[in-house]
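These notes are about the structure you will find just below.
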């Protein structure tokens, strides 16, 4: 059974609090767009597809409740203005992830078109927004399943020495059910390999400084009983150099893919791509079309979010009381007091280092001149 990180039914939204994982599996209710903004900003939910879905559904939940309590504005124009303002606020929570702004833009278009229809009421606007937001949830799961299947097929055909070999795959950060509406992107590829009986072993990086790999990806791999090993980020080069390990592919997710294929993803991705090229390992990006931003021409145009220094200088873990056996979460300092910290959340991997971009439409590869033509995916 695949982990369910987002629960939504009849206007009620709850998410698993990822800050508590892997020690406590606790769901929190999200009732308003402001609570959605806080959950995204505080990284209680993270992963580009997931934050877009949670943002949309948080506003859908708020509108659903306002509608039940008869507190919706009386005119279609007022409701439309309210939705636009709330969507703009939600986008500000994580600016690097294009899925969030893309979802907001699509929802705004749907609402604007309905508001311009003669005779549209305020409730009509609410209904069309809720329907569209709920549709995004279902579509993301469907798209992720296709991404997983496409990636598994590509690896089997292009990264394995023979048809009889099984894949050894390294992944970074968390790109599974916890980062999406379900199944996952890069981790979905690993799940599909496992389902096809073509996975030998998966490796996941710790993913400092927020430890999404050790806290979240490892949690999902254990949950799904996938054969896997956790390594620290600094062990990747040693892992790739071991003949007995024989890593066939590195598969990562993406927060934004520029028109030329440059990819912004969790900090450390660029370094893995460099290592992959040196060691002759296939390097793949797995992302839905909503992550591809054709308006951004190259990685140099991508805004990179910087996170608080405390995420580097402190770490959270569980402590068991020797007397009672009770487990509680504690945050401790691990760095010298007063040291300066640089903490970019993402880096940009040049398209030259990427062998393929896995989408729900298929796997985009470069032409003979070494260029991606991602616009063709939208034809």
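Every residue gets a Cβ built from N, Cα and C, even glycine.
According to Swiss-Prot:
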SITE      173  site 'Transition state stabilizer'
ACT_SITE  255  active site, proton donor
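Long-range Cβ proximity for residue 173 (site 'Transition state stabilizer'), meaning a same-chain Cβ under 8 A and a gap of 6 or more residues, is found for 179, 205, 207, 212, 213, 217, 252, 253, 265, 266, 268, 269. In the three-state DSSP scheme, residue 255 (active site, proton donor) falls into the coil class. Taking Cβ-Cβ distances under 8 Å and a sequence gap of 6 or more within the same chain, the neighbours of residue 255 (active site, proton donor) are 48, 96, 97, 98, 99, 264, 265, 266, 291, 346.
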